[in-house]
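Report on the structure given below.
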Amino acid sequence: MAATTQEGVEKLTLADTNPKLPQTNGHKTGENDDADHGEDSDEDEHEHVAGNGANGTNGDAAPKKKKKKPKKKKKAGAAGAAAKAQTSPPRIPVSQLFPNNEYPEGEIVVYKNENSFRTTNEEKRYLDRMNQDYLSEYRQAATVHRQVRKWAKSYIKPGQGLTEIADGIEDSVRHLVGHMGLEEGDGLKAGVGFPTGLSINHCAAHYSPNAGCKVVLGEDDVMKVDFGVHVNGHILDSAFTVAFNPRYDPLLKAVRDATNTGVREAGIDVRMSDIGAAIQEVMESYEVEINGNTLPVKAIRNLNGHDIGHYQIHGGKSVPIVKGGDQTKMEEGEVFAIETFGSTGKGYVRNEGEISHYALKPDAPKVALRVSSAKVLLSSIKKNFGTLPFCRRYLDRLGHEKYLLGLNNLVQSGIVEDYPPLVDVKGSYTAQYEHTILLRPTVKEVISRGDDY
């Protein structure tokens, strides 16, 4: 989900309350091909050699038998272990593709300098081993994200409605985690981490279509695709940008390089200010030519990366994308979304447009609600989303009707936070790339890394 904001735009922070590069279908296909072939029928074991006579006249001679052919051994784990090919759209749960829950690692980066001891330190290795369930759930979420975005990149085309695109991505996520989220509490086990952001052109973040949205993706549009996957509250947050006109390639390259710079610089005991300075230097070294005008790519200074908590897309730390004075350090065990935004406009966003994103505040006050629909809605939000962000389409999907009065009442009461779209000046173009990193005790793992970005 898009970054936290500063400098006049409300900071999007949810406090903590509770609590190898992937090969998408990494198993070899065809491992079962020999499993049931080459095994002779048992009937052959007692066949007589031809020529002994139909009536068995040489009855004193012992009947000859064909030598039994040895059966071919089945390969270990062949029955069901081989990965199937994912469908299009994605519908096979990844647990079936990886039946032993051994999901691919992300990009493993060894710590250097004063943290180089971590790779071989026995205490750190022990701590890492204690986190295997947590790692498995994060890798499952990452595997889902890679498979869904691979499909989405081939699926998204000019002329499609944004609702069609968002529903396609979110339905794929739900199928791949094996939780459709229609039964009470099912979406809290695994599913969509936050509403799919489909922000176009000067809109940098937090736009997701509401019911009745008629917006259609255009040939000359630049669209940020920001979606998340969670497994047991461990949220994988990653984003990319789609553009069909090659004139925007330098903009996309600037932001992608800036994000990779942030990923490279991030690590245990690294100061946020140092990461922001490195990101800004790389991003603002690019220019893009649009309609004969050469425009500098600017880092959007009031959008940031952020840490991720359990069932919380935004923790208490921000990762700036411009230089500044934040001396806060990253720490062992933390999870960060390293995301950067570049713009051909002012490089500053403000709230504007119809709201789609909402989230229950973890520290929400206990308020006496007088609107009956607000009480019903709050109960549903707690049971189905908890502190995970949601949007109006999700409420529609659960069968809620005429809920806007109640939803607005929850926002006004300070129980639910709303997140308006964030926009730069009209006529400008913005891009976004994002990765999730785990600062494990022994190594840094870029959990969302794929062959694409």
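Cβ coordinates are placed from backbone N, Cα and C, and glycine is handled just like the others.
Residues annotated as compositional bias 'Low complexity' in TrEMBL: 50-61.
Marked as compositional bias 'Basic residues' by TrEMBL: 64-76.
Sequence annotations record features per position, and here TrEMBL assigns domain 'Peptidase M24' to 137-352.
As annotated by TrEMBL, substrate binding site applies to H206, H314. Taking the Cβ of H206 (substrate binding site) as centre and 10 Å as the limit, one finds 30 other Cβ atoms among all the protein chains shown.
If you draw a 10 Å sphere around the CB of D226 (divalent metal cation 1 binding site), it holds 29 other CB atoms from the protein chains shown. Feature annotation from TrEMBL assigns divalent metal cation 1 binding site to D226, D237, E434.
Each of the binding-site residues D237, E434 was scored by other CB atoms within 10 A of its CB, and the lowest score goes to E434. You'll find the Cα of E434 (divalent metal cation 1 binding site) roughly 14 Å from the Cα of H314 (substrate binding site). Between D226 (divalent metal cation 1 binding site) and H314 (substrate binding site), the C-alpha separation comes to 14 Å. All chains included, 29 other C-beta atoms sit within 10 angstroms of the C-beta of H314 (substrate binding site). Looking at H314 (substrate binding site) and D237 (divalent metal cation 1 binding site), their Cα atoms lie 10 Å from each other.
Between the CA atoms of H206 (substrate binding site) and D237 (divalent metal cation 1 binding site) there is a gap of 14 Å, rounded to the nearest whole number.
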